[in-house]
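Input: a single structure, listed below in structure tokens.
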Amino acid sequence: MSATQKNNITRLEQLDRQSTQPFPNSRKVYLTGSRPDIRVPVREISLADTPTAFGGEKNPPVFVYDTSGPYTDPEVRIDLRKGLPDVRSRWIDERGDTEILPGLTSEFGQARLADASLDALRFAHVRTPRRAKPGANVSQMHYAKKGIITPEMEYIAIRENMKLQEARAAGLLDQQHPGHSFGANTPKEITPEFVREEVARGRAIIPANINHTELEPMIIGRNFLVKINGNIGNSALGSSIEEEVEKLTWGIRWGADTVMDLSTGKHIHETREWILRNSPVPIGTVPIYQALEKVNGVAEDLTWEIFRDTLIEQAEQGVDYFTIHAGVLLRYVPLTAKRVTGIVSRGGSIMAKWCLAHHQENFLYTHFEEICEIMKAYDVSFSLGDGLRPGSVADANDAAQFGELETLGELTKIAWKHDVQVMIEGPGHVPMQLIKENMDKQLECCDEAPFYTLGPLTTDIAPGYDHITSGIGAAMIGWFGCAMLCYVTPKEHLGLPNKDDVKTGIITYKIAAHAADLAKGHPGAQIRDNALSKARFEFRWEDQFNLGLDPDTARAFHDETLPKDSAKVAHFCSMCGPKFCSMKITQEVRDYAKENGLSDESKAIEAGFQEQAARFKDEGSVIYRQV
């Protein structure tokens, strides 16, 4: 074994230990479906009893959506060198419409496998890929249109509900504000049949490549919980395979529903294999990045044949969705000439350069139906890229952006003709007053295919804080109907994000997505808010920490000023102190009402006022007294 291999193995053993820590006072539980191999993970957060002073009652556990996969299950032994346990192979085999290939069929994949110099980097357990049988279509959309409810669809229905009926029965939803959904139509309970209908209609997608069998199925659509994506990937300037796998496991721990591998540096193929074999969430890529590496970064040298081989290479590895910039047409490129920031999408600029160099139409557009044939053979979903998205608020909603969007709508209908799943990528940089126009136009042009946006960033003045400038726009567009939000980290526009940046970006976007779910009135969205608010009022500090999106940070902030264990049961915090805590005062009012037989707080307050007025008169009505 080489020194490099030994070093890699040591790093991955350390990563194993980092990635398997359960959240405090939480445990992984599995909800079983109609068959024993449908085991849907959720995180159960146990809560303390309400103190006797506040009425003394049991508080039921709260179940939350869990993207962390087996990593937070202490019953599962994680070995990143072997990959995650299989989830879906039996379901795929039962359908009888796929075949195991004799080996990798892409030229590039075969060449990498034959290169002995890569042995130290390679994932040791490379799986033999499968593909649809000749003439077959294995997409979830194809099954949905045929009226088939797949195990993946049942799994998703259970996952989206998260024991909602039990929560209602326990009173966790006695308070939930009605939402304003802008035309979305989420039922009170998500059923497998509803999942099937939404996928068949094209309003939702299930990104689930038949070669990514470690995947825990999830859904992206405006009538479901708003999802978030986290980006990882190396560059020519740095990062290793180990660092990218670490970012993956860290990102899904904090709530990334999907992850995009945007690697542009060395060993893209090998890095992606490690990521896929250790990912319980869908993995997306931008294939044109790797295709460009194959021609040494010269966009003009790209060909359809190289791109096609790249699609097959990545599909056989198990990539679940491809960003493909097929809407960057030759006639749209001049429309960007007067922009402040021109073309800011890497994929968009690559294709624009190719179109201008050859004075030909984008080969991704002219070969689109051939791409569909590849996609449906592996069930890879389209993420139709917005290569002409605005890179500044000055360029928002211009002719180039909306021209491309109209073309993406045309391509969506072509993909649906092939029963290939589609979502649409969106901007970008958009001031708040223009965000709804983006959502409305996308729904109109793309016939309600799921929208997936990068933010949008609502202002350009805050480098280093673009997770905030974009989180504002993300919450808004999520409310208006966007199905998935691509996170932005504090390093946006500045550098490659590290592990801490990944966490910050994800937490910011979990807040935005949840705020959107609340605003839409998604059933069950308010359960966690209600539970945390009750814990806050009852001074159950540990429950407050544990119900939050980031228990570690909440606990650390509290402990900065009140580190002693006694502070965890105190009826105040360091913000107001013991004498000015509004919640403590409110409880005292309630106690006064109870002691004096008063039916509500307003009567208690009025009685208190009258009592103090009488005392003032009894003491001589003197404003100032000697003390």
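Cβ coordinates are placed from backbone N, Cα and C, and glycine is handled just like the others.
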Site co-member for substrate according to Swiss-Prot, given Asn231, Met260, His325, Ser345, Arg346, Gly347, Asp386, Gly387, Leu388, Arg389, Glu425, Tyr452, out of Tyr289, Tyr465, Tyr509: Tyr289
Candidates Tyr289, Ser345, Gly347, Gly387, Arg389, Tyr452 (binding-site residues) with Cα within 10 Å of His429 (Zn(2+) binding site): Arg389
All-chain count of other Cβ atoms within 10 Å of His493 (Zn(2+) binding site): 13
Lowest local Cβ density among Gly347, Gly387, which the record lists as binding-site residues, within 10 Å: Gly347
DSSP-derived class (H/G/I helix, E/B strand, else coil) of His429 (Zn(2+) binding site): strand
Rounded to the nearest Å - Cα separation of Tyr289 (substrate binding site) and His493 (Zn(2+) binding site): 18
Integer Cα-Cα distance in angstrom, Gly387 (substrate binding site) to His493 (Zn(2+) binding site): 17
Separation of alpha carbons, His493 (Zn(2+) binding site) and Asn231 (substrate binding site) (Å): 14
Among Tyr289, Tyr452, the one of these binding-site residues whose Cβ has the fewest neighbouring Cβ atoms within 10 Å: Tyr289
Site extent for substrate (largest Cα pair distance over Asn231, Met260, Tyr289, His325, Ser345, Arg346, Gly347, Asp386, Gly387, Leu388, Arg389, Glu425, Tyr452, Å): 20
